[in-house]
Amino acid sequence: MAASATLVSVDEKIEKLRTEVAKLDQISENEKSGFISLVSRYLSGEAEQIEWSKIQTPTDEVVVPYDTLASPPEDLEETKKLLDKLVVLKLNGGLGTTMGCTGPKSVIEVRNGFTFLDLIVIQIEIVEKYANSNIEIHTFNQSQYPRIVTEDFSPLPSKKSGKDGWYPPGHGDVFPSLNNSGKLDLLLSQGKEYVFVANSDNLGAIVDIKILNHLISNQNEYCMEVTPKTLADVKGGTLISYEGRVQLLEIAQVPDEHVNEFKSIEKFKIFNTNNLWVNLKAIKRLVEADALKMEIIPNPKEVDGVKVLQLETAAGAAIRFFDKAIGINVPRSRFLPVKATSDLLLVQSDLYTLVDGFVTRNPARANPANPSIELGPEFKKVANFLARFKSIPSIVELDSLKVSGDVWFGSGITLKGKVTITAKPGVKLEIPDGAVLENKDVNGPQDL
């Protein structure tokens with residue numbers, strides 16, 4: 001009896017929610033049905049448990065080493081044919097709120113006055129220049145779903161007006177949104193075959209003809225670029241072979257007793273860069289069949305003191321639904337995200353150069369790994385970060401930098417080895433122009 005009572009209450013919750021969502025005129029019928037479907041899956045508790053003993057390390061056939069890919073055709077006409085089959089889709093949903101910005105992170109200036117969006121357009125224009133391909137820029141919005149009030153499972157917009165009642169349901173929504181917007185049909189009608197999806201803040205995510213050529217030659221419907229883990233990436237999702245299919249394993253799916261094993265660089269050596277290559281006809285087939293049932297990520301929030309729930313999915317988790325899906329183990333240079341001002345320091349420094357919109361690593365750096373940068377809360381917001389550096393220091397020979405307190409940097413500074421700079425509470429510490437700090441702990445002017 002208890003079980004049937006639970007089932008009834010779930011059905012009642014869904015029906016009540018469906019009735020209230022039907023009254024919301026801010027979203028389309030497609031969005032309403034997508035939202036109800038997502039909530040129904042969540043309430044049914046259909047999440048599959050990973051059986052740890054069934055996890056297998058993928059072979060090189062499943063996660064292909066980048067350096068084994070065939071060279072792309074040298075003939076320009078053949079290259080043009082390949083590129084004419086490609087669409088580049090940049091996910092622009094990342095907000096710069098953690099860095100004190102309002103709006104999309106992609107409008108932050110990265111180098112030489114160029115924003116992420118500027119660099120993306122320049123990169124595509126360069127590809128067009130060499131291959132004489134036809135470039136068009138399209139935009140579309142992802143779905144917006146109503147936040148759910150935790151207390152009574154009602155949609156927040158039916159109680160509160162304004163944008164706080166809504167949320168974007170994660171980048172797993174890119175596939176239905178591409179279809180619902182009409183862009184998918186348009187692209188297919190133009191003879192496009194693959195979409196390269198990447199985060200707009202990943203400066204390393206550039207068009208790669210070798211990858212595109214491999215996927216078309218081998219008819220792979222889905223490819224996830226992965227790269228070797230470092231200690232900074234231990235929480236990143238990894239690819240596994242599971243019951244005969246390649247699958248993304250996220251830390252949230254890992255049983256508590258295996259979390260340390262998951263974080264191990266020895267066993268799980270790669271992680272997801274979120275650079276994804278996907279066949280457009282396969283997206284159409286799976287979306288229309290409502291077959292993309294990715295793992296649901298519950299994300300509890302609080303809006304003006306009201307506890308709400310938003311349900312999200314991730315695009316990488318879709319890999320297991322596509323035929324002949326693979327990973328490609330790419331060089332670290334294809335993963336250069338800017339998530340915090342410490343990342344901004346790296347890409348604005350002499351560690352990288354900007355040529356034709358491409359951010360490339362300085363060959364003068366001997367260490368293949370980037371320096372570890374840890375900036376205190378005074379540097380968290382972009383405006384404060386920029387104000388505290390007269391110019392970005394030279395860090396080609398830097399191993400690690402830790403800055404805490406009220407620290408200000410002059411121009412022409414060079415940092416080498418391991419450097420720690422700590423300003424005592426209430427004290428302003430200024431690093432003078434032209435200073436060279438090598439393997440140094442600086443706690444005050446006397447240490448300079």
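Along the chain as shown, the residues are counted starting at 1.
Placement of Cβ uses the backbone N, Cα and C atoms for every residue, glycine included.
Note: TrEMBL annotation is automatic and uncurated.
Marked as UTP binding site by TrEMBL: K105, Q142, G170, D201, K339. Annotated substrate binding site per TrEMBL: H171, in sequence order.
Cβ contacts within 10 Å of G170 (UTP binding site), excluding its own Cβ and spanning all protein chains shown: 23. Between the alpha carbons (Cα) of K105 (UTP binding site) and the residue listed as 'substrate binding site' lies a span of roughly 15 Å. By the criterion of other Cβ atoms within 10 Å of the residue's own Cβ, the least surrounded of the binding-site residues D201, K339 is K339.
Taking only the Cα positions, the spacing between K339 (UTP binding site) and the residue listed as 'substrate binding site' is 16 angstrom. Q142 (UTP binding site) and H171 (substrate binding site) are 8 Å apart (CA-CA, integer value).
Over all protein chains present, the Cβ of K105 (UTP binding site) has 23 other Cβ atoms lying within 10 Å.
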